[in-house]
Amino acid sequence: MCGIWALFGSDDCLSVQCLSAMKIAHRGPDAFRFENVNGYTNCCFGFHRLAVVDPLFGMQPIRLKKYPYLWLCYNGEIYNYKKMQEHFEFEYQTKVDGEIILHLYDKGGIEQTVCMLDGVFAFVLLDTANKKVFLGRDTYGVRPLFKAMTEDGFLAVCSEAKGLVTLKHSTTPFLKVEPFLPGHYEVLDLKPNGKVASVEMVKYHHCRDEPLHALYDNVDKLFPGFEIETVKNNLRILFNNAVKKRLMTDRRIGCLLSGGLDSSLVAATLLKQLKEAQIQYPLQTFAIGMEDSPDLLAARKVANHIGSEHYEVLFNSEEGIQALDEVIFSLETYDITTVRASVGMYLISKYIRKNTDNVVIFSGEGSDELTQGYIYFHKAPSPEEAEEESERLLRELYLFDVLRADRTTAAHGLELRVPFLDHRFSSYYLSLPPEMRTPKNGIEKHLLRETFEESNLIPKEILWRPKEAFSDGITSVKNSWFKILQEYVEHQVDDTMMANAAQKFPFNTPKTKEGYYYRQIFERHYPGRADWLSHYWMPKWINAADPSARTLTHYKSATKA
């Protein structure tokens with residue numbers, strides 16, 4: 001995890017512009033570098049490093065003697081870099097996983113490069129010999145990337161939008177900043193004056209397709225066919241492998257544990273893999289909640305079962321409300337459900353950074369979207385429509401859950417790893433017949449639960465525990481987090497403000513006082529940037545007025561989780 005920043009064709013003083021790069025210093029607290037591009041006085045790279053792999057030679061932009069014309073700035077982890085090195089007999093100059101990008105590009109061009117990368121990434125690659133700039137981002141947008149480009153060819157890219165919004169350019173008073181789409185790469189021509197022109201934007205991978213790099217990985221042979229035992233066996237193999245490959249780091253690994261199905265499976269599998277890898281330190285797991293939180297009770301049960309060194313972080317409603325401003329600034333969104341769920345994750349990340357030496361953190365993000373875990377999937381009209389909705393949620397992860405997971409952890413210099421969004425695991429899961437993936441017997445994620453039924457990885461009552469939204473599970477059933485927030489906001493936003501909401505916020509007009517309150521905070525930090533969020537996250541197929549699962553009729557919280 002780190003922060004990348006680059007400018008091409010700047011017409012302002014670079015030493016002034018580079019102050020913007022400092023806005024993302026939290027992403028890389030270990031080191032910072034700012035470097036001009038030889039021969040282009042108005043092009044430069046900025047890099048904030050969190051040293052996770054190769055502490056000695058991991059600074060960026062990465063330059064190799066073999067390719068003096070290539071410059072690479074990337075944020076991510078490429079899990080198959082050693083496999084690729086062995087297969088293609090590349091000679092590595094460093095131990096940095098991202099070096100593989102330069103070798104693959106030299107060998108087969110940009111398209112083959114992005115398709116061969118098994119991991120999460122956002123990168124800027126400059127080829128001064130062929131006068132090209134390339135931008136790329138992983139399939140689900142686990143690593144963030146934003147860009148701003150003007151009509152006269154000034155290009156600015158950054159891991160977070162906050163590193164771009166204050167940039168100045170002569171042709172425009174207001175620089176349009178937008179997220180770079182996941183699963184895409186862009187090719188741009190570099191002109192002699194340092195400015196660029198976009199040549200093409202290419203979607204290189206669909207989440208349903210098995211990735212090209214699967215040809216070269218070392219996963220046990222999967223069994224063909226959709227017989228239930230075959231499918232369960234394949235899922236176990238792929239999930240184990242998804243966790244195992246993510247152990248790649250020179251820093252300590254910890255795990256978030258909410259006590260729900262997803263984080264519990266991740267924690268249990270992770271602990272097993274750490275033992276097999278003979279890692280000497282105990283796995284530390286972390287749960288957050290208010291007193292009487294069902295999540296805390298459930299997480300405690302899981303930690304006792306798997307034998308992790310468990311920490312519980314308690315917070316009260318006042319601390320949660322006080323964090324809202326910082327949280328919205330970190331997130332760069334005003335989406336209601338994202339803000340609610342981010343408070344707990346932001347506070348627990350703060351605790352981990354301050355009180356432990358864990359830097360790499362595992363979590364269960366992506367499972368709900370992939371395995372149809374949201375409660376409203378019970379209302380899906382057909383397995384095919386449920387499949388379509390699942391894929392839509394996966395496409396939009398970069399606006400919601402993946403955004404929350406990245407920003408709340410990165411704000412405190414932590415790197416998050418999400419095995420459920422592993423390419424091989426997710427593409428296999430999505431290739432299964434639609435009817436296999438829907439809720440069964442009134443239980444969502446039935447297939448996933450069934451898969452681990454005999455494994456004794458986690459306690460049975462946790463394996464079959466009903467879905468609890470993270471932002472709700474951190475509080476008691478008697479007083480949900482969303483209700484605490486709504487009660488507070490009731491005194492901050494009056495009816496007159498709501499009556500004028502459409503005039504004040506014509507785009508994505510907030511319909512509730514809570515939404516209005518978050519939007520106000522967002523506009524204070526990022527005025528005029530509301531279009532970063534195309535729409536609010538809301539359940540489908542039901543007339544929901546609020547995104548919380550606790551407002552749905554199907555909701556059945558386990559009061560004795």
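Glycine residues also receive a Cβ, built from the backbone N, Cα and C atoms like all the rest.
In TrEMBL, annotation is done automatically, which means it is predicted and not curated.
Taken from TrEMBL, the feature domain 'Glutamine amidotransferase type-2' covers 2-191.
The Cβ of Cys2 (active site, for GATase activity) lies under 8 Å from the Cβ of Arg27, Gly28, Phe47, His48, Arg49, Leu50, Gln60, Asn75, Ser159, each of these being in the same chain and 6 or more residues away along the sequence. What TrEMBL records for Cys2 is active site, for GATase activity.
Annotated L-glutamine binding site per TrEMBL: Asp97, in sequence order. Sequence-distant neighbours of Asp97 (L-glutamine binding site) (same chain, 6+ residues apart, CB-CB distance under 8 A): Val53, Glu77, Ile78, Tyr79, Tyr81, Gly119, Met248.
The ATP binding site annotation in TrEMBL covers Leu256, Ile288, Ser363, Gly364.
Residues or ranges marked as site 'Important for beta-aspartyl-AMP intermediate formation' in TrEMBL: Glu365. A sphere of 10 angstroms centred on the C-beta of Glu365 (site 'Important for beta-aspartyl-AMP intermediate formation') encloses 28 other C-beta atoms.
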Distant-in-sequence Cβ neighbours of Ser363 (ATP binding site), under 8 Å, six or more positions away: Cys255, Leu256, Ser263, Val266, Ala405, Leu416, Arg417, Val418
For Gly364 (ATP binding site): intrachain residues, at least 6 apart, with Cβ closer than 8 Å: Leu256, Ser258, Gly260, Leu261, Asp262, Ser263, Ser264, Leu265, Val266, Val418, Phe420
Ile288 (ATP binding site) CB neighbourhood, other CB atoms within 10 A: 27
Glu365 (site 'Important for beta-aspartyl-AMP intermediate formation') versus Ile288 (ATP binding site) - Cα distance in angstrom: 16
